[in-house]
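Trainee: Input: one structure, supplied below.
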Amino acid sequence: MSDTTDLMGARVEETAAAPATDASAPATGAGSRRRRGTGLEGMVLAELQQVASGLGIRGTARMRKSQLIEVIKEAQAAGGAPAKAAPAAADTAGETKPKRRSTSRTRTGDEAPAEKAEKAGKADKKADKAAADKAAAQQQIEIPGQPTPKVNASAEQAAPADDAPSERRRRRATSDAGSPSATDTTVAVETRAEPKADTSAPQQSQGHQQGQGDARSDAEGGDGRRRDRRDRGDRDRGDRGDRGDRGDRGDRGERGRDRRNKGDDQQNQGGGRQDRQQQGGGGRQDRQQHDDGYDDDGSGRRGRRGRYRDRRGRRGRDEIQEPQINEDDVLIPVAGILDILDNYAFIRTSGYLPGPNDVYVSLAQVRKNGLRKGDHLTGAVRQPKEGERREKFNALVRLDSVNGMAPEHGRGRPEFNKLTPLYPQDRLRLETDPGVLTTRIIDLVAPIGKGQRGLIVAPPKTGKTMIMQAIANAITHNNPECHLMVVLVDERPEEVTDMQRSVKGEVISSTFDRPAEDHTTVAELAIERAKRLVELGHDVVVLLDSITRLGRAYNLAAPASGRILSGGVDSTALYPPKRFFGAARNIEDGGSLTILATALVDTGSRMDEVIFEEFKGTGNAELKLDRKLADKRIFPAVDVDASGTRKEEILLGSDELAITWKLRRVLHALDQQQAIELLLDKMKQTKSNAEFLIQIQKTTPTPGNGD
């Protein structure tokens with residue numbers, strides 16, 4: 001009876017540390033499981049190793065369970081005492097076997113090294129008294145359903161080496177056991193109620209399978225691990241976890257697996273897909289999506305396009321964000337011409353060409369304010385602060401005026417292409433001083449009106465630049481209400497300077513040392529600027545020098561179409577210059593655009609001839625210069641017979657028209673040189689064209705009078 005009491009006392013001491021160790025079993029999901037079989041087959045690997053050590057068998061740390069059982073049986077058979085294995089097994093397994101019957105078998109994978117060492121020492125001491133305890137231990141082994149004896153107060157105290165791991169496992173089990181099944185399993189461990197523990201273990205395993213399914217599929221990526229979680233847990237804890245004596249590798253693997261399980265449980269508690277909320281969690285990707293607070297209508301951090309991206313795009317066209325201006329911002333006023341490109345716009349502050357001080361304008365601001373290419377804008381930009389990253393272009397933060405008016409007034413403007421064009425009706429008189437014969441001759445042979453589309457056909461070195469300057473000065477002197485724009489494309493720099501100093505108007509230039517793209521950019525922006533002024537009802541006069549060089553620039557800058565005309569001219573290169581020249585018109589309800597362009601001829605280039613042929617029939621006024629007269633230093637070298645204006649009867653009065661026709665008859669009968677010399681001589685004798693025409697009327701006989 002004393003031997004039995006000693007054996008029960010040993011089991012009570014071992015059981016005192018077992019509840020804290022086994023408390024983590026509900027959290028890990030293994031559940032309590034009954035011992036299968038009796039005798040050596042019903043023991044776990046650690047118990048078999050202790051039995052083998054009691055029999056004096058060495059080298060059992062690397063043996064499998066089946067091998068260890070065979071070695072023990074052989075040792076028992078060789079020693080002739082098969083019953084001796086039972087007392088040793090009772091001494092070693094009696095410490096934990098009642099506990100294992102009522103709870104879980106996951107103790108050995110989580111045992112601390114100190115606990116293992118203590119057990120090994122106890123097993124060696126009790127090997128000597130195995131014979132004395134044989135009957136009692138054999139009785140314990142043969143009764144698998146024996147309940148665990150109650151633990152007294154003295155046995156409840158465990159070693160510090162056992163308390164630390166079990167305390168950590170208890171806290172982990174408490175924090176992870178959030179489901180009702182886990183709570184029931186914990187209660188079952190505390191009360192040692194074997195039926196309740198057996199029923200709660202499948203529930204706990206099922207809860208872990210549902211909660212950890214999606215998260216573990218992302219972390220481990222194996223479908224086989226999700227098939228049978230309970231079998232995998234039993235195998236890990238029964239076979240792999242029970243090899244604690246093989247070294248620290250098994251302990252580290254078990255602890256790492258516990259940490260992964262804990263992380264998976266915490267991830268599942270974080271949230272998951274909406275359609276899997278009943279499972280306790282979802283995938284990592286959906287959890288991050290919900291944690292960030294984004295839905296399908298918003299734009300998440302991961303750049304997801306969203307289900308309603310088409311509707312959001314349509315709303316974005318109308319919902320324009322205004323630039324925010326703070327109180328401490330320093331605003332700098334800006335002004336310039338708006339140039340709208342494909343995806344953005346700029347205010348050209350330094351002229352009509354791109355510059356480093358241009359101001360960026362978003363397309364949202366363009367659409368909101370109804371801005372168009374060529375508008376003159378005034379506004380403000382924000383001055384960069386110290387330490388602030390400086391952008392390449394400052395953005396427009398405030399729009400003050402559009403073409404001198406409030407921004408809201410520019411939305412209802414008519415479109416230039418929808419305006420009704422008419423023949424010129426209001427005459428632009430170019431006569432100024434009596435000594436300036438160039439403008440006086442133009443008024444006589446080729447009168448110009450508002451909305452005229454005139455072509456100055458000029459061979460090289462015929463004085464076309466001087467004629468352009470004279471026309472520009474005459475327009476600014478006699479018609480100050482007209483907005484004058486002189487566009488010089490592919491010209492010499494000194495001519496640009498001379499034109500800027502001699503003309504009181506807007507000179508827009510792109511010299512020949514610049515690329516062809518600059519020539520086309522300047523011309524397009526200039527004509528768009530003129531159109532915007534015409535839409536407002538202004539009269540605009542554009543002097544272009546020359547349209548031939550503009551056609552050359554488009555031929556170089558425009559992409560090749562594959563259809564090459566005579567002279568190497570691309571078929572698509574002639575349309576932009578024709579669009580430029582065709583913009584001249586007289587508007588029915590007010591406003592006009594007059595364009596006088598020069599065309600080069602007799603240059604020896606087939607390309608120039610092709611370009612001139614395209615424009616020869618497009619104008620309604622033509623002033624032709626002659627190279628022979630220029631070679632003889634007769635200026636202005638105007639070919640009187642070849643020059644003229646269509647529908648000149650609209651611009652001239654009846655009396656003036658009749659006298660002009662008489663003059664043309666007289667000059668037509670003379671040679672070209674004689675005609676211009678006679679005309680210049682008679683005009684020098686008079687102070688004005690009106691006086692000259694009266695003199696012509698008196699001296700020239702009327703046809704049909706018989707004189």
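Glycine residues also receive a Cβ, built from the backbone N, Cα and C atoms like all the rest.
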Trainee: Please pick, from Arg440, Arg492, the residue that Swiss-Prot records in the ATP site together with Gly449, Lys450, Gly451, Gln452, Arg453, Gly454, Lys461, Thr462, Gly463, Lys464, Thr465, Met466.
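Mentor: Given Gly449, Lys450, Gly451, Gln452, Arg453, Gly454, Lys461, Thr462, Gly463, Lys464, Thr465, Met466 bind ATP in Swiss-Prot, the matching entry from Arg440, Arg492 is Arg492.
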Trainee: Swiss-Prot tags one of 1-38, 495-532 as region 'Disordered' - which one?
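Mentor: Matching range for region 'Disordered': 1-38.
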Trainee: What is the number of residues in the domain 'Rho RNA-BD' (331-406) that are helix, strand and coil, as DSSP sees it?
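Mentor: Split into helix, strand and coil, the domain 'Rho RNA-BD' (331-406) gives 7 helix, 34 strand, 35 coil.
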Trainee: Sequence gap of 6 or more, C-beta under 8 Å: which same-chain residues meet both conditions with respect to Lys461 (ATP binding site)?
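Mentor: Once residues fewer than 6 apart are set aside, Lys461 (ATP binding site) is near Arg627, Ala630.
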Trainee: Output, ordered by sequence, the same-chain residues six or more apart from Gly449 (ATP binding site) with a CB under 8 Å from its CB, or 'none'.
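Mentor: Spatial neighbours, sequence-distant, of Gly449 (ATP binding site): Tyr423, Pro424, Gln425, Asp426, Arg427, Leu428, Asn586, Thr594, Ile650, Leu651.
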Trainee: With H, G and I counted as helix, E and B as strand and the rest as coil, say where DSSP puts Gly449 (ATP binding site).
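Mentor: SS state of Gly449 (ATP binding site) = strand.
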Trainee: Give, as a single whole number between 0 and 100, the mean pLDDT over the domain 'Rho RNA-BD' (331-406).
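Mentor: Residues in the domain 'Rho RNA-BD' (331-406) carry a mean pLDDT of 91 in this prediction.
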Trainee: Quick one, of the binding-site residues Thr465, Arg492, which Cβ has the fewest other Cβ within 10 Å?
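Mentor: Looking at the binding-site residues Thr465, Arg492, the Cβ with the fewest others within 10 Å is that of Arg492.
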Trainee: Would you count the other C-beta atoms found within 10 angstroms of the C-beta of Gly463 (ATP binding site) for me?
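Mentor: Summing over all protein chains shown, Gly463 (ATP binding site) has 19 other Cβ atoms within 10 Å.
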Trainee: With an 8 Å cut-off on Cβ-Cβ distance and a minimum sequence separation of at least 6, pull the same-chain contacts of Arg453 (ATP binding site), or say none.
Mentor: Phe581, Gly582, Ala584, Arg585, Thr594, Ile595, Thr618, Gly619, Asn620, Ala621
